[in-house]
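Novice: Per Swiss-Prot, ATP binding site is recorded for Ile369, Gly370, Thr371, Gly372, Gly373, Phe374, Gly375, Glu376, Val377, Lys391, and the stated evidence type is sequence analysis. Annotation comment: Swiss-Prot describes 363-646 as domain 'Protein kinase'. The N-linked glycosylation site annotation in Swiss-Prot covers Asn140. As annotated by Swiss-Prot, signal peptide applies to 1-23, with the evidence given as sequence analysis. The topological domain 'Extracellular' feature in Swiss-Prot is assigned to 24-293; the stated evidence is sequence analysis. Look at Swiss-Prot and you will find 294-314 tagged as transmembrane segment, backed by sequence analysis.
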Amino acid sequence: MEKKRSYYALLIPTLLTVWLACAGHSCARHAKAKPPMAGPPRCPNCGPMVVPYPLSTGPTCGDQAYRINCVGGKLYFGALHGSSYVITSINSVTQRIVLRPPGLASSVSCISADVSKQGLELDPHLPFSITSSNTILLLNCSQAMLQAPIDCSPTSLCYSYIKNNASPCSKAPLCCTFRTDGSQTAYTIRINGGGCLAYQSFVGLNPNKEVPPPGKKWPDTGLELQWALPKEPVCKTDVDCNLLLGKSKCLPDPTSLGLKRCSCKKGLEWDPVNAICGKCRHGKHCKKKKKTVVFAGAAVAVVGVTLAIAVAVIGTKHSHQKVKKDIHKNIVKEREEMLSANSTGKSSRIFTGREITKATNNFSKDNLIGTGGFGEVFKAVLEDGTITAIKRAKLNNTKGTDQILNEVRILCQVNHRSLVRLLGCCVDLELPLLIYEFIPNGTLFEHLHGSSDRTWKPLTWRRRLQIAYQTAEGLAYLHSAAQPPIYHRDVKSSNILLDEKLNAKVSDFGLSRLVDLTETANNESHIFTGAQGTLGYLDPEYYRNFQLTDKSDVYSFGVVLLEMVTSKKAIDFTREEEDVNLVMYINKMMDQERLTECIDPLLKKTANKIDMQTIQQLGNLASACLNERRQNRPSMKEVADEIEYIINILSQEVTET
């Protein structure tokens, strides 16, 4: 023993010396790091106007998602339906551009020049939106516009504008004012179909100041848009990234299948304003950017603590097994307390390991009915004849164990006809088990896409709508009625079970999260958490900023709606490379005005005119759910209400016939 002590006494200072030498060498190397390279090429000026990155006027500069046009020394912004507007100013710091509204079609009419295109409509899939700094004047309106938040009263600003600047509109029946300040960003200013035939817009009009008196000039008209900060440049190989950003790698973009982007090397991070790999200021890659003294001090502490732990482990090796058993007992006790504390007391109970082992025939593979990344599901028959489904974490999978325990916390607090019912829990085996009601008719995924072991009768359009409505109701209950609110976080067609009457039951709450409103900023319902879910269904905003909200579930449900309309999988590698992701595929078909080609042929074969109308309506609802900006997506309650409205259209048609 004395020899061992002498050995450690010599070993510790030797290791410290070697470690410090290596640390000093490493820090010296880091001190000689090259400065970051310039970013992607900025487009040349267009006449007198500077074109900042990421705006792009050509295929070799800027970011192609931010296309604008340079024609005759002027910049133009292209909207949908072939409309185009002059850009009067650009602010690269605030990422905003101001457009010139079209004005009236003639000097004697009160009709907008773009009335044939029904006003300004932006492509919601592009990174531009209308800001909240605009005051919109709606001219030549019908009585249908007399509702809040539109102001059509005699004191409305638009009447003052008509007197000064738009005399052709003085004989029009109504004019109204709409302030976008404080509202959500939008993509549309509608005229014609919305009850008005003309519009004008002003940026930053102060409502607390009087408008110009008669005879005085109003400020110039303008409509302000904002662009979202750009992602890293698109690439094909590392060579592209070296040319654009220096030492960066070309890696797959997790939010866009088939697309690759440059990823800055460690110690640097993407600066979307200056379009460079700049000095790292936050995030996990910044941890190496420490001063030499701090690094060396940390090294000393780490080595010392590590050696101390090593000596302690040698001395306590023989007591390890006893400690492990004690920990297991404590975990079992914690599970029991958690179940009894959260249970509604109606039907949830604790099952014994002996009961479950017998019911599953010792977890025979013959009873295995499902498996996933974290767990397995077995069919089981209890002693009273009740058929159940039993979920078990995989052996040595701590994430699976955590998810099953999380599922207990969630399901013990909810009760809804469209949510799978938890019968109880088993806590005295090595792995925790959940016992559910057995749902016999497979999953929505299997009914839409088929399964290897069973043939399913195709779902009718009316049945698909009922399943969509029931699922939306269940999710709306989690978001709104449950206290605290619950976000599912893994909504997909394979997690929607169908009973013997083809009614929907939402299942698999392993990734779900309870929302503690007391811990979220300003009492808003969002959670910061590592992105988890299923590829093809994952909300891109959640993936980018780790902010989980109820709208993350809405996005995932939008993908499910697309599956119902098309009978195509969310991710399918048998499709062309650019079409692997269903959302991207549908967006492409919409741009090409070929959306009807995507509808499930079995639906089209039997659909009448009303069916096709409601199929289109559900497709539009799916598109709203999939809006890239979460604030523009409907709530799950609104989704359920819209599906109910669509179902009522079909019901009225049946009644009339």
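Including glycine, each Cβ sits where the backbone N, Cα and C put it.
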Novice: Using a Cβ-Cβ cut-off under 8 angstroms and a sequence gap of six or more, which residues of the chain neighbour Asn140 (N-linked glycosylation site)?
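Specialist: The answer is Cys110, Ile111, Cys169, Ala172, Pro173, Leu174, Cys175, Cys196, Leu197, Ala198.
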Novice: Using a 10 angstroms cut-off on Cβ to Cβ distances, just flag whichever of Ile369, Val377 is the loneliest among these binding-site residues.
Specialist: Ile369
Novice: Tell me, roughly as an integer, the mean pLDDT over the topological domain 'Extracellular' (24-293).
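Specialist: Per the prediction, mean pLDDT sits at 77 for the topological domain 'Extracellular' (24-293).
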Novice: Enter the number of other CB atoms within 10 angstroms of the CB of Thr371 (ATP binding site).
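Specialist: For Thr371 (ATP binding site), the 10 Å Cβ neighbour count is 11.
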